[in-house]
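Straight from TrEMBL, the features:
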type: SITE; residues: R25; note: site 'Transition state stabilizer'
type: SITE; residues: K32; note: site 'Transition state stabilizer'
type: SITE; residues: R177; note: site 'Positions MEP for the nucleophilic attack'
type: SITE; residues: K233; note: site 'Positions MEP for the nucleophilic attack'
Amino acid sequence: MSDRAPAVTPSRTAAVIPAAGRGVRLGPGAPKALRTLNGTPMLVHAVRAMAASRAVGLVVVVAPPDGAPEVRNLLDAHPLTGHDPAEILVVPGGETRQESVRLGLKALPGDIDTVLVHDAARPLVPVDTVDAVISAVRDGAPAVVPALPLADTVKQVEPRTGDAAGEPERVVGTPERALLRAVQTPQGFDRRTLDEAHEQVATEGEGATDDAGLVERLGRPVVVVPGHEEAFKVTRPLDLVLAETVLARRRANDRY
Ligand SMILES: Nc1ccn([C@@H]2O[C@H](COP(=O)(O)OP(=O)(O)OP(=O)(O)O)[C@@H](O)[C@H]2O)c(=O)n1
Ligand SMILES: C[C@](O)(CO)[C@H](O)COP(=O)(O)O
């Protein structure tokens, strides 16, 4: 018996995990993906979260540009368990998240048709969320994002010019909150759509804060599935406290 959750039929699905960021907002220390949560590197949690889906047969980890050997050693020291563990490749990343994802996509073999892109910085996403994203892609959506409604009201502010630096920002609008979603990862894609989106943007030289945003620029549909509170992104120091609390709660409930 495999210990990977039985939910989606195995197929040619890969997960790309960009893990090449510094984690500046987290403060001084090792690159964010290598910092530990309850003694285990965040990246290892993220790899396990992807491999927990029976549908994921390959995980491509995008390491800091000069850190691929270290990341390979780290993952070898924390092998996946179960009878059919996913294969793990490690490739060096780039200067931006978008560049790192592009480099991860280049490493995918030709027979992969569904791709997840998942932040190493979202180590605790539950397998049900991963499987919901994969199912929606297999049902025909070219791009799928897990997302949650917002708790806060969001304001749009005026862009600041050099002269206005230091002055209070001026609010120029309040988007209707009911129509806004906070988007998480893994984001799921039909592989050809995602390749096309990254190729087009690479030639246009524009940036995006998520991969689905690149697909939107192609004019292709992006659909939403329910996200999960535990799929939050570890960005600032308080997020580390929350992540360790979630892990402790899972242990207490014997879920991890
Ligand atoms: N050049 C980069 C920058 C980011 N990432 C990855 O993209 C994900 C989301 O990025 P973010 O949370 O912003 O991570 P950092 O860039 O490390 O954070 P910060 O902006 O605070 O430095 C992370 O898993 C991060 O490792 C990456 O692979 N390559
Ligand atoms: C991809 C993402 O996690 C979706 O919410 C987010 O845009 C990443 O942003 P970051 O500034 O690179 O952390």
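From the backbone N, Cα and C atoms, a Cβ is placed for every residue, glycine too.
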Open item on the list: Running a distance check here. Ligand 2 versus the recorded sites R25, R177, K233: which have CB less than 6 Å from one of its atoms?
Closed with: K233
TODO: Taking ligand 1 as the reference, state which of the recorded sites R25, K32, R177 have a Cβ closer than 6 Å to one of its atoms.
DONE: R25, K32
- [ ] Specify the count of other C-beta atoms within 10 Å of the C-beta of K233 (site 'Positions MEP for the nucleophilic attack').
- [x] 16
- [ ] Could you check the recorded sites R25, K32, R177 and say which one's CB has the most other CB atoms within 10 Å?
- [x] K32
Task: Residue among recorded sites R25, K32, K233 with Cα closest to the Cα of R177 (site 'Positions MEP for the nucleophilic attack') - done: K233
Open item on the list: Check the DSSP secondary structure of K32 (site 'Transition state stabilizer'), expressed as helix, strand or coil.
Closed with: helix
Task: Integer Cα-Cα distance in angstrom, K233 (site 'Positions MEP for the nucleophilic attack') to K32 (site 'Transition state stabilizer') - done: 11
- [ ] Could you find out if DSSP has K233 (site 'Positions MEP for the nucleophilic attack') as helix, strand or coil?
- [x] coil
Task: Alpha-carbon spacing, R25 (site 'Transition state stabilizer') to K32 (site 'Transition state stabilizer'), which is rounded to whole Å - done: 9
Open item on the list: So, three-state DSSP: helix, strand or coil for R25 (site 'Transition state stabilizer')?
Closed with: helix
